[in-house]
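Q: Shown below is the structure under consideration.
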């Protein structure tokens, strides 16, 4: 494949600086997003999904959060080296984001129209009329009715699903190359969830916007994503295309996640769940981070951190079990694991 | 909305009625009476009685009270005992003096206080934030008469930049039209007098502004800090907006309701509570008018002046409540 990645994250490390010193929230995060694809990042709460997305956007609350290592390339340019002014031009323009909480993500004191037009006017010196038309066009694109009326409405007059559609319209108004969607459906009820996902998929097909979809819901991943990245306790544990991950999961964590999805066809007494909780950031000093909850752990997992193996094309796993089965080690990760 | 305003205005009636009664009784509870003060210590019992009768003070208090109320209903504020002329004719110059002083003081307090609070919140935990909040703490704890005297000593006596007191230059006084001297001199196109008026305003206005300024700065800071943590501020940043606009457009509007509340309350307090400042800077305002009236036991003047100040206070708060609904579309009055 010679297609260049649109967004390339390399060895990203983000830490939070607290009274107890530096606490790394995510480490060794490397992945690519190619033009026009939908990549999912899954993991439990506290696995570092949102920190990863905020690091890319440059919106980490600082202090205490700070990117302490790695590179993030957007269109071949390392945006981590951008100053605030350059970064502002990227945000909302080439790189847009929608958030988990549609109910609180719109400013309650400004009309929908004002907030939509503002998003476009920040990056373009357009006359107001043109911005207005563009905003109406976007409302139509995200499937909202009564555009003129909506432009003058305030956020509290809209339902959660409508607000998330407005957020999507706002994020897409400058035609970004990448859209980061941080749990866009978590706060919505199930039927609306399906509609919003459908909308994201449609937009991806229509506008060819690459989407980085962050979720804790594997069902969502199966429905819309082409590739999936599984995160656990601040590290990527497995990555591959959706079919591979669902058919042939390699990491015990991924297997556990897939087992915890209730299946209507199976008669089970009790739903499977992975025992324990995600360890506190910075609490695992050596060895595999999943060790305490793993059902197939080995003595070596306690002391040595497993490297990131490439098991087959487009399938990477961070687990010693893969080596036991005689797979090839990826050269570059040996150095980072030491 | 209009129904709400009318209802609010109607609720003013019992409030003001109660107020007139309390003031009426309290002023009479002060020992001494006008006749004693007017006639002096050497006055005979008979002459005091005669004067009391002439002033109507020999009647039972409730008769006096209802006469006073009856007068109010016809728009008559009563006559001053001391000057023997209608209060409604002499009160406005004093009231205008205080309104001008209070508004200028409030303008200073709002402009500096709000901006200081915003910058403090924006650069939270910086040395700038700490310094500003320390200043605000000093500001709220500073006794106003002490600050006034300090200002006079430094800027009027030693540096001679500003006059020590009064509203205008006695040798070249402003010819009043509205009695708001800034407006009067502008109408007359007299720049020289306008400059004089402003020079006279600076020291008392700054003294009067200090406490409200400090309170406004502190409330602005805490309100802004709360707003700047919200999701919609993150959204504004995610759009690529300049931090200046994130702060002054998206955050300030959301933070403005508590700020507005404090401004309203403080403005009401300034109108009635400028007595100390007015005394130090010999400012002919309503505070000093009331103070003198109390000393002379000029009952009608005290009653009517306090009633008017109370009316201003409740009206300002009504305006603040209406402004809430204009700022925040979620607030609806029915």
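Note that Cβ sites are derived from N, Cα and C of the backbone, with glycine treated the same way.
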Q: Labelled transmembrane segment by TrEMBL, one stretch among B:101-123, B:170-192. Can you tell me which?
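A: In TrEMBL, residues B:101-123 carry the label transmembrane segment.
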Q: Checking distant contacts: for the transmembrane segment (B:9-30), what same-chain residues at least six beyond its ends satisfy Cβ-Cβ under 8 A?
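A: Sequence-distant neighbours of the transmembrane segment (B:9-30): 61, 64-65, 68-69, 72, 294, 297, 299, 302-303, 306-307, 310-311, 314, 318.
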Q: I need to check the long-range neighbours of the transmembrane segment (B:101-123): which residues 6 or more away from its ends have a CB within less than 8 Å of a CB in the stretch?
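A: Residues 129, 132-133, 135-136, 182, 201, 204-206, 208-210, 212-225, 228, 243, 247-248, 251-252, 259, 263, 266-267, 270-271, 274, 277-278, 283, 285 contact the transmembrane segment (B:101-123) from elsewhere in the chain.
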